[in-house]
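This report refers to the structure that appears directly beneath it.
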Amino acid sequence: MQVDEPVRLPRLSRVAVCGGTHGNELSGVYLVREMLKPENRKEDGGPASVLMVLSNPRAMQQCTRYVDTDLNRCFTHATLNGPASEGAPYEIFRARELNTLLGPKGSRAAVDLICDLHNTTANMGLCFIAYSDCDWVCLHIFRHLQMPDTPMRFIHFDVSTKESYSLDSIGKHGFAMEIGPQPHGCVKSNIYTAMKEGVQHMRDWVSCFNSGCVFEGGPVDVFTMVKNLDYPRDGETRNITAAIHPRLQDRDFCLLRPGEPLFQTFSGETLKYQGDEALYAFFINECAYYEKGIALSLARKRRVTVPSIRVQTDEEERASEESFASEEEE
């Protein structure tokens with residue numbers, strides 16, 4: 001193969017857009033509800049079917065993140081395939097329903113692409129969160145976005161397929177579209193509009209890809225998550241004893257260097273970052289992560305060169321399906 005020959009990838013015939021995986025992240029809830037209206041479900045002639053899914057209806061009804069346990073941590077191979085008692089959390093059963101609808105995860109029957117819609121209270125702009133830094137479909141969709149007024153980043157969680165835990169991991173390709181800042185339990189028009197435009201860009205890209213367009217390669221900055229940091233805590237009560245330092249608050253994706261202010265204790269003392277290397281901070285003071293013991297996440301940034309791609313011919317796709325079937329049998 002020549003260096004500049006496009007990588008040929010299978011057609012994306014089935015796409016799912018999911019909202020309400022967390023029931024109080026309302027941009028995705030209202031966007032999917034809007035897209036489910038009959039007047040918005042007219043076929044546009046595009047060469048892909050798009051399934052709209054409201055992921056966690058019980059949590060949406062209560063406008064809460066989840067009912068029993070975090071649905072977006074229920075899609076590991078073990079959770080989807082292990083035994084479940086009658087008294088198991090509601091979200092375990094819902095995850096298995098979604099796996100039946102959109103998967104099964106890791107199988108040839110799984111949908112080709114999942115875009116799962118999320119909001120964050122952190123000042124992160126628009127982020128793609130994916131488990132691969134070499135999924136050319138997701139990286140090209142990200143490169144395709146044209147939203148000059150919205151900061152955009154690609155976040156990579158370096159987790160294996162079996163251990164990947166979020167809804168988007170069911171698809172052959174998948175990513176979470178995370179947009180903020182927006183408080184949980186409410187919707188802001190600018191955040192909703194950014195999400196709506198992001199989803200439309202994604203759908204336009206899929207249509208162009210399936211129609212045979214060649215997408216030229218190029219560089220993408222990828223933030224690979226390294227670790228999470230918890231708040232300082234009281235050794236006995238486990239209550240937090242400090243908040244994010246004012247100099248760090250709302251500065252998601254800034255480079256946090258050793259010795260720079262990290263926390264400010266409730267008595268007024270500044271606690272500095274004690275890490276060995278400078279890393280990029282994100283999900284800074286995310287409201288939903290207090291229960292998870294996460295004050296912020298830290299990432300390394302590197303530049304990934306994305307190759308040119310185009311859709312496979314029918315003959316190439318048949319050969320690819322035969323290869324996939326052989327891998328499943330193994």
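Cβ coordinates come from backbone N, Cα and C, glycine included.
Just so you know, TrEMBL annotations are computer predictions that nobody has curated.
As annotated by TrEMBL, domain 'Succinylglutamate desuccinylase/Aspartoacylase catalytic' applies to 13-204.
Among the features that TrEMBL reports, Zn(2+) binding site is placed at H22, E25, H118. Close to H22 (Zn(2+) binding site) in the fold, though at least 6 residues off in sequence, lie N56, A59, R65, Y66, D70, L71, N72, H118, N119, H184, A288, each with a CB less than 8 Å from its CB.
E178 (active site, proton donor/acceptor): 25 other CB atoms within 10 A of its CB, across all protein chains. Look at TrEMBL and you will find E178 tagged as active site, proton donor/acceptor.
The domain 'AstE/AspA barrel-sandwich hybrid' annotation in TrEMBL covers 219-301.
Residue environment of E25 (Zn(2+) binding site) contains 29 other Cβ atoms, counted within 10 Å of its Cβ in all protein chains. For the domain 'AstE/AspA barrel-sandwich hybrid' (219-301), the number of residues in each DSSP class (helix H, G, I; strand E, B; coil) is 3 helix, 36 strand, 44 coil. Within 8 Å of the centroid of the Cβ atoms of H22, E25, H118, where the record puts Zn(2+), the same chain has further Cβ atoms from G20, T21, N24, G28, R65, N72, L117, N119, T120, E178, H184.
Its own atom aside, the Cβ of H118 (Zn(2+) binding site) has 25 Cβ atoms within 10 angstroms in the protein chains shown. Of the recorded residues, E25 (Zn(2+) binding site) and E178 (active site, proton donor/acceptor) place their C-alpha atoms 10 Å from one another.
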